[in-house]
Amino acid sequence: MASGGTFRNLLLVLPLCLALASLVGGVASRRFWIENDTFRKDGAPFQIVGGDVHYFRIVPEYWKDRLLRAKALGLNTIQTYVPWNLHEPEPQSWEFKGFADIESYLRLAQELEMLVMLRIGPYICGEWDLGGFPPWLLTIEPALKLRSSDSSYLSLVERWWGVLLPKVAPLLYNNGGPVIMVQIENEFGSFGDDKNYLHYLVQLARRYLGNDIILYTTDGGAMGNLKNGSIPQDDVFAAVDFETGSNPWPIFRLQKKYNLPGKSAPLSSEFYTGWLTHWGERIATTDATSTAKALKTILCHNGSAVLYMAHGGTNFGFYNGANTGQDESDYKPDLTSYDYDAPIKEHGDVHNAKYKALRRVIHECTGTPLHPLPSDIEKASYGLVKLQKVASLFDIIDNISDPLKVSVSEHPLYMEQIGQMFGFLLYMSEYEGKLPSSILSIPKVHDRAQVFVSCSVDGFRNLRYGGVIERWSNKTLEIPNLRCSSTTSLYILVENMGRVNYGPYIFDRKGILSPIQIDGITIRHWKMYPLALNSLDNLPKLQLITQIPYVGASKMSIHGDSKKNLQELSSYSNGSISALPAFYEGHFHIDHESEIKDTFISFRGWNKGVAFVNNFNIGRFWPARGPQCALYVPAPILKSGDNIVVIFELHDPNPELTIDFVTDPDFTCGPNQ
């Protein structure tokens, strides 16, 4: 029997023991690991039912809404890439606000009781410009060897991760945050076999994140991909992806060969719910029933899966990526919409067959309670809006170009070389036009060039449209002889339509990358005007565009007397006037805040260009090519009172000069529909 003093001491010690036990049950006991080929969370088996929801493709005001819709689908984990180019748009210029506020996004996921799988790159793919690499990497000489153990490249990765990973470390699961796994690189096995590069990334990640976090790779579920892309000797978990509908279990057995014993929990880290679409293609769709059946084959046998995508979102601004075929000229840029035929649509709607079918399967296989189906977000049709032509590009070129970046060179310079990362670049030179017509040759243009000519003494007054040269169907162009008394001025407007994000041709500089010849003679002495469409405050009467606060190439605003400017720009005479690039402006009024709702702008009848709503770049439109006819306008970028739409149309405008605000997306434009 204990003495009275001993008993009193036990009473004093008991609260301390209870406090320690509470701590063990709290942050100190938080742990996520793999054991016996099973994910384990805080000591219990755990099945990942995840989905990709990318913070940078959603207006921040809708982050919570989209995550709640993912949770109602039955997901317990969110996966997202981290695009380097969003966070370091210029060397050592760091962006972590607005769309780039990744810390707030991760904390929000935790508030909603969702875990996170974070894909930190440095290469991400993701149908995102340059696979997430900042395009200023393309300006460094000698040229960097991206995705390799090139020491110059790795030093920049180290600088980037030295900023990013200290922000991630407190948000790791073991430290009380939501991040259970961190992916390095992405599908490297289909690109190369530089294991020294992968080893370096692992060491760098461990330096900041420690040894307890699960690092993982994702590769296609084939032997060659896994052999090149996996690094089990560094205790890095190898996950797989494969075509939806494939038998997953032979692939999961192959996966085990590239993981340490007992460390191969079956995981499809990209279970494809749909697919991407390029301009000129039919919109990609997949069957809801077969997609749900394929997911059931994984989940109902205790496998884990991450839906790619759970919610696709939008490639706002100029951030869409592109693919290539057999060579780099077989160029295929992605749409502005990244709907992906995902269960949560681009605009958030969930009342569709795929969402409901996947939700039923997740409930059946995991026992996750069926939460009430979220209601769709209200949308509004603001009707037809009349636009007016504000300015033709050539009349304001001196005002909307950054004078510090206007360049003169013997030969054409590429876009990044003059410090411009997105948008357009106008090349100007002169030649002797003596034949009835001349043949223009640009062997390497990235990506689309519009050609104009005029007599040098007339400047823009006699400007004639000559045609288009496109990267994917590069042909010579016959241009007219204007019978000038002096030399002929040549203008070539080149659009950067999005950098390649996958494959061997990702080193994708933009602009004109070859000599330019007319009738076999190389044209020299070029002047280049950058048109980034993000910093046009030099315009004295028509301040078209102001800088976006969180990242370049995204905002536009119009001020000034439009009628006066229109009168001043009435000097054009001959030529295909309607084919000249021009800016158009329209206004629409919303009476009350309660009437501010999501909407779409239909561009039927327009040709090709970029659209801005209240200073925000909602993306590219190209109904002439299709399939996307309408651009998504989220309610948070609208306001009560006057709303302004600015369109930069590269060719012919809608004859009525109207746009239509509608309530539904439309992917039925173009000749292939």
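Backbone N, Cα and C atoms are what each Cβ position is placed from, and that goes for glycine too.
Per TrEMBL, the features are as follows:
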- 39-364: domain 'Glycoside hydrolase 35 catalytic' (DOMAIN)
- Glu187: active site, proton donor (ACT_SITE)
- Glu270: active site, nucleophile (ACT_SITE)
- 412-531: domain 'Beta-galactosidase 1-like first all-beta' (DOMAIN)
- 581-643: domain 'Beta-galactosidase galactose-binding' (DOMAIN)
- Task: Write out the long-range same-chain contacts of Glu270 (active site, nucleophile), meaning residues 6 or more apart in sequence whose Cβ is under 8 Å from its Cβ.
- Result: Asp52, Thr218, Asp241, Val306, Tyr308
- Message: Given a separation of at least six residues and a C-beta threshold under 8 Å, show me what packs close to Glu187 (active site, proton donor) in the same chain.
- Response: Cys125, Thr218, Asp219, Gly220, Asn225, Gly229, Asp241
- Sort the residues of the domain 'Beta-galactosidase galactose-binding' (581-643) into helix, strand and coil with DSSP and give the three counts. 6 helix, 32 strand, 25 coil
- Task: Kindly state the mean pLDDT of the domain 'Glycoside hydrolase 35 catalytic' (39-364) in the predicted structure.
- Result: 98
- Task: Run through the domain 'Beta-galactosidase 1-like first all-beta' (412-531) and tell me, per DSSP, how many residues are helix, strand and coil.
- Result: 11 helix, 56 strand, 53 coil
